[in-house]
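One structure is given below, encoded as structure tokens.
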Amino acid sequence: MCSNKHRTMFTVMVIMLVSVVSANVNTTNEINGQSRMAWIKSLFDHHSWSEILNGNITLPTACEKDLQTYLTALQDGQLWASKIFDASGQYGPNLLFGNEYWLGSLNACTELNKKQYYEQTPPFATTFYVAKINVTVDNFHLPQSRSMLLGECVPASCSGDALGVLLQASEQATVAKASALGVSASLVTLVVRPVPGGYDVYSDIKFQILGSVTLAVCVLMLVASFYEGYLERRYRMIKATKDLELAQDNHKPGNNAVQSSEKTRNNGDKDLRRETCGVCSEVLLSFSILSNGRTILSTDTPSDGALTCLHGMRFMSVLWVIMVHTYLTIFYVADNKAMRVITERSFWYQSVGNASYCVDTFFVISGILVTILFLRTEEKKSKPKPIVEDKQDINKNMNGFTSPALSISVISQDTFITESKTKSYTKEEIYKMIKSFMILLSYRVVRLTPAYAFVIGVNEIALRYTHDHTVFEPAIFDHITCDNWWWRNLLYINNLYPQREMCMVWSWYMANDTQFYVVGIILLLISVKHPKIAFGSLGVIMLSSWATTIYISVWLQYKARIQEPFEMFDPLYDKPWSRIGPYLVGMIVGWYLHKTRCQKRIPYWLVALGWPSALAIIACLIFSMVDGYFNVWPTAFYISIGHTAWGVAIAWVAVSCCSGYGGLVNSALSYRGLLPLSRLTYCAYLVHPTIMMYTSFLLDGPFHMENSTVLAVYAGYAVMAFLASLAISIAFEAPAVRLLKILSGETRRMKNH
């Protein structure tokens, strides 16, 4: 009995020992022979470079000597050598989830050269390189070649070519070792580049030109501001003296008529800050920070009255654009790229992937304003009235100036054709139409271009500096495209060329809006004499836009996907024939609002039906891609009629708010605090991607993405964009508008009045 018991215990113990030994053997074999991750973690280890240097490779003498010194110190555990190793790129987590950055730290490597701050520093100067390496591991882990960016902190005596030779030798040894262990892998170094490179921004002739222009404008702004401050102070002193004399005269009998006249004059001048000066002085004062800043930051209700809801719509749309671009930028520099896939599966991410409609809101607003202001000018011309204007209007009535890509300003009334009784156009009328068209187009171009050209220059220099100093590989090459094809932007035709040749890809909107402006002005000029022909032409253009977009989409077998919103950028996304629908809808709305004076009573049943319908259209267009894609024919209708449908929904919001049926929506969109921000949307749209690229691509390492942190970054980008926009608007946009007022003769008329 006892013997059987001992025999059973002995058997159990033997089984347990065999199991443990087997487990140990299997684990060892897996780590040493089969584990892919163990092999991957050993990649690019500096400890193995000693064997390579003792092998059959040739390096410059100084480089090899410094490397031997570094590797010996690393084996001995010296702190400065450990810091060099620590500043170099090594295995990082999330490799199998999309991480392609083993960058180390550029700043840490550079810091090693500052001997005054550290007790232990290398006996040689250090420099930083980024190598692009293709990595492939068997058929499961990395079956497709992954381009990795590897940062290497090495002695400054080693050139990029020397490091490339060292890395290639290391790769050959590593692949041979993997093959011996049964791991199928390949490593190929594509390029090695120093960071930073050899670009000197101060020797760049374009930087010198841009800096000189900026300095000259700043000097003009300071001089104009001091001069205007002097004029305002003098005006206040003169006014105070006159008020004192008037107060003394009040005690004299028989001065009631004088008092009444002075009171009327003072009420008319209560908003004046200075007297109108001569043309030369007004040209200088156009650059004043005081008046331009007051105009931009004013919360006074603009002269468009009921159209205040458009300011809120414009501001909210720009915020939407900035949010989308923030996500796309963070996606590019994130180390946990799998988070993008997770984010794109979210229902709410459709508001990012389908955000192309936010630009359609700009087109609707632009069409509304162009039409209303044109028709108002025509109405004033057909019913001439004596000009009764505040003599200081040039200095205070500029509330609408900052809707440049979205509006047209009234210029001299004699530039438009007069209506005649004959159906055909006379030579004089054709001449006046052409003259009116050229004046309006020139006015718009002169108004938009100064700020636009400045941002193009800043963007080119910023991207050239960024490409030279970044550890990443930006997919935007504006330092090349802007250098070669900037003139296309200033001619507003850059959307007609391939995306790879576009300077400031996001400026496709500027080209489209200007082209739509040309079409709109032609239709409006025709409508003066032949409104039916104008409306018919508008309908033909809209139907042609739908048909063309559907044909191209079906021909290319395009399937819209939430992950690739810009897949058809060249053939469809930025082309005017695909995007003009919302602009034409805006023109129709502008005509309606002008004819009804925003006082048309809308039946309550239509209001009750219109708001849910508009919201349903908006929701369907944004959140209908539940499966993440559409098939060919749904895609064709989605990207053709969908843009126009968005315009119709936004048109309902505009009409309802302007006619008094907007309720809380109108109160929110018309909030006075949004007016200054609305005036800054043009420059904010232009400059915000440059800010994003400059700040994100100059990071020392990749960004670890979470939705909460992306939203925080988004808020920072929005604030930076509007602050930069304020500076650009004061320096370039506002002076351009005021100079155009002077050229159109307003100053002279004001002074004579």
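Here the Cβ of each residue, glycine as well, is placed from N, Cα and C on the backbone.
Curation plays no part in TrEMBL annotations; they are all automatic predictions.
Values in this document were obtained by computation on a predicted structure and should not be read as measured data.
The annotation signal peptide is assigned in TrEMBL to 1-23. Per TrEMBL, domain 'Nose resistant-to-fluoxetine protein N-terminal' is recorded for 60-185. Summarising the annotation, TrEMBL assigns transmembrane segment to 209-227, 315-334, 354-375, 437-458, 506-526, 533-556, 576-593, 605-626, 646-668, 680-699, 711-732. Annotation comment: TrEMBL describes 248-271 as region 'Disordered'. Here TrEMBL flags 262-271 as compositional bias 'Basic and acidic residues'.
As a quick check, the transmembrane segment (315-334) and the transmembrane segment (711-732) clear the bar of 3 or more Cβ pairs under 8 A, pairs 6 or more apart, so the two touch. Touching of the transmembrane segment (605-626) and the transmembrane segment (576-593) is ruled out by the presence of fewer than three CB pairs under 8 A, sequence neighbours closer than 6 excluded. Here the domain 'Nose resistant-to-fluoxetine protein N-terminal' (60-185) has, by DSSP, the following mix of helix, strand and coil residues: 58 helix, 29 strand, 39 coil. Taking Cβ pairs closer than 8 Å, the transmembrane segment (437-458) reaches residues 206, 209-210, 213-214, 404-405, 408-409, 411, 415, 482, 486, 489-490, 492, 503-504, 507, 510, 514, 517-518, 521-522, 525, 682-683, 686-687, 690, 728-729, 731-733, 735-737, 740 in its own chain, all 6 or more past its ends. Sequence-distant contacts of the transmembrane segment (209-227) (same chain, six or more residues past either end, CB-CB distance under 8 Å): 281, 284-290, 454, 457-458, 461, 730-732.
Residues 306-307, 359-361, 363-372, 375, 495, 511-513, 515-516, 519-520, 523-524, 538, 541-542, 544-546, 548-549, 552, 600, 639-641, 643-644, 646-648, 650-651, 654-655, 658 of the same chain lie 6 or more positions beyond the ends of the transmembrane segment (576-593) yet place their CB under 8 Å from a CB of it. Scored by C-beta pairs under 8 angstroms, the transmembrane segment (354-375) has its highest count with 506-526, from the stretches 506-526, 533-556, 646-668, 711-732. Counted over residue pairs 6 or more apart, the CB atoms of the transmembrane segment (533-556) and the transmembrane segment (646-668) come under 8 Å in fewer than three pairs, which marks the two as apart.
Residues 325, 359, 362-363, 366-367, 370-371, 374-375, 405-406, 408, 416-417, 433, 436-437, 440-441, 444-445, 448, 452, 489, 492-496, 533-534, 537-538, 541, 573-574, 576, 579-580, 583, 587, 685-686, 689 of the same chain, all 6+ positions outside the transmembrane segment (506-526), place their C-beta atoms under 8 angstroms from a C-beta of that stretch. Proximity of distant same-chain residues to the transmembrane segment (711-732), defined by a Cβ-Cβ separation under 8 Å and at least 6 residues beyond the stretch ends, is recorded for 214, 217-218, 221, 287, 289, 292-293, 296, 319, 322-323, 325-327, 330, 402, 450-451, 454-455, 677, 679-684, 686-688, 691-692, 695. Model confidence over the domain 'Nose resistant-to-fluoxetine protein N-terminal' (60-185) is summarised by a mean pLDDT of 89.
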